[in-house]
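Following: one structure in structure tokens, then a few remarks.
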Amino acid sequence: MEDDDGQDYVDKSRVLNVQPLRCLAPIFPSTPSFPSFPHPQAASPFMCPPPAGHFPPGFASFYPFSGYPDSHNMQTPMPFGFNGSIPAVPINSFRSGANGDAGSSGRSSRNPGPSQYEEEDGYSDWVHVNEGEDSSKAATKKKRIPKRVRAGSGQDINVASSDVDVDAMVDKIVESFNLMDFDAFKRADGDKDSVGYIRMIYDLLRRKLSQIEDSKESAPGVTRRPDLRAGTILMNKGIRTNVKKRIGVVPGVEVGDIFFFRMEMCLVGLHAPIMAGIDYMGLKVSQDEEPVAVSIVSSGGYEDNSEDADVLVYSGQGGNINNKGMEITDQKLERGNLALEKSLHRGNEVRVIRGVKDIANPTGKIYVYDGLYKIQESWVDKGKSGCNVFKYKLVRLSGQPEAYTVWKSVQQWKDGSTGRVGVISHDLTSGAESIPVSLVNDVDDEKGPSNFTYYPGLKYLKPVNSNESSTGCGCHGGCLAGNSSCPCIQRNGGNLPYTTNGVLVSQKPLIHECGSSCLCPPSCKNRVCQSGLKIRLEVFKTKDKGWGLRSWDPIRSGAFICEYAGEVIDITSAEELRCVNDDDYIFDATRTNQSGEGFLNASNETLKIPFPLIINAKHAGNVARFMNHSCSPNVFWQPVLRENSKECDLHIVFYAYRHIPPMTELTYSYGVVPPDRADQRRKKCLCGSAKCLGYFY
């Protein structure tokens, strides 16, 4: 059809007047398991808004009426730690179209290429997770038969291979987080603590599963998905929060929060579909029910326009727009597209999650929750393929904290298109680090820390003898996770302490890294904290706490940040400095972590310090000396011993204990002094945390 100007357009009113199907009634009894995504042998999915009214006794909403199968549709939330028959939430094989449209799971007659189905977080879009098995029942199985299915890219995907009792491992993690104290209300409606716990549990489990898989020999053509497996295990156990779909704010999720996997957003109720870009729910209007959008993910992989930080032009789903080798067709005003159109007319708020490129992982994405938007207008446009594509203009609501705007600003600083306000020095380190560290003050006229020399390592004023002889390893090509004969791996309990991408799996009493006694190269996976800074840091002037430290880059949970550099002094020298109140830049490893710190330690083991290490960074040190104390820190420290046959080469290394967005101040807990020094003068704490004790030492 053409308008007066001869331009093609779509008469959307014809579609909008179509009422949802109301004549179908549920005919299948409910089962203890959730329905899955479209069956692998199904020709095509059928999805529509759920029928209105109550279901007869013994019956429940079932697929396809429940839309995206998900436990959001549960009417009675189950408490954390429930060990009964928790319905499984399987993730069957399916593929995505434009903006993650969940399409038919039927196998295409075409043979797609390796990149045809590329998921936003860097994995193949065709996945298959062990279905329908209650993990509590599987606890008696010490070994599971590896389950492999063919992937759409011609690869096998191994999602359940493990010789480890994963259920026992999960139970141990859950027990360490005291989740039995969580009630059904927090499962239905979360808060900041519950969301934080769920995310940390998920990431800890995912890293441990990655560690298990890393120790095995990789089979040709096999893609492992520890992210999906970890999420499915937690869903099966009911370990999630905000299970009810809702319009607007999600309790406990803050604007600016970042996610490295789609499954993370699902577990905390921010965005339910694991692949689809549009999440929607049925809203009853009079006697009818219509779909409305609750959240969207703009991944940057489609024809979205996100140049303006406060305006997003979002492309609709469907039409096989991003599926190579498949016929491109016009998009239809149905499912997510129809939900967005309804939201335009209703004026309801829509959560927007922006996908940005993960610099550390070229094939991956980082998801930034950018807050609430409203759809301002919609239209149909010709896509790059020549077919019709629905477009929706969303405008960000005012008064919200900055999120995606911060990312845009940092990118402009990096490429030099705009200058950083308040810069005193573009590189505080004077070249001592491979990555420059900016010194910024936009608060007052102070020009920087005085009487300070940047030094990136430790200065031992006198050698410290090692209590244990260390022969080092002979891994000329680098330590391999599956090499049980490697002495460095043996000292770490039989596993490398880091995943393949250099993320710390969990806190340990003591980490043994390769050192001067080892024959492995600097690129060895067991030398993570020895090559200097890996992220762009900034020392900045705070309003009331002196100088502080933050990062231009997003930091992943468990990622290495820096070590504490300076001069190693003895206890006597440290006491002398304390007596004259000159201990602001002293790190004392004899202090214990405050309650609430160390969330990555599922074993609850105490730290092991080979000798009482005390570091003075007042006159010489690195960026770590600028990290302030917080009673709710986002960074933790870990003792790391580098193998050295001549002397004890001990270091204090800092890691992120949760995902940290760019330009967020980095803080750690200064700890608790030993009982014999408890009478020391306390210092007033200005961390501003809801859990602030009011003081620190």
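Every residue gets a Cβ built from N, Cα and C, even glycine.
Because TrEMBL annotations are produced automatically, they should be read as predictions rather than curated entries.
Here's what TrEMBL has on this protein:
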- 104-115: compositional bias 'Low complexity' (COMPBIAS)
- 248-396: domain 'YDG' (DOMAIN)
- 471-532: domain 'Pre-SET' (DOMAIN)
- 535-671: domain 'SET' (DOMAIN)
- 681-697: domain 'Post-SET' (DOMAIN)
- 93-122: region 'Disordered' (REGION)
Do you know the mean pLDDT across the domain 'SET' (535-671)?
88
DSSP residue counts for the domain 'YDG' (248-396), split into helix, strand and coil
18 helix, 62 strand, 69 coil
Tell me the residue counts in helix, strand and coil for the domain 'SET' (535-671), as DSSP assigns them.
13 helix, 50 strand, 74 coil
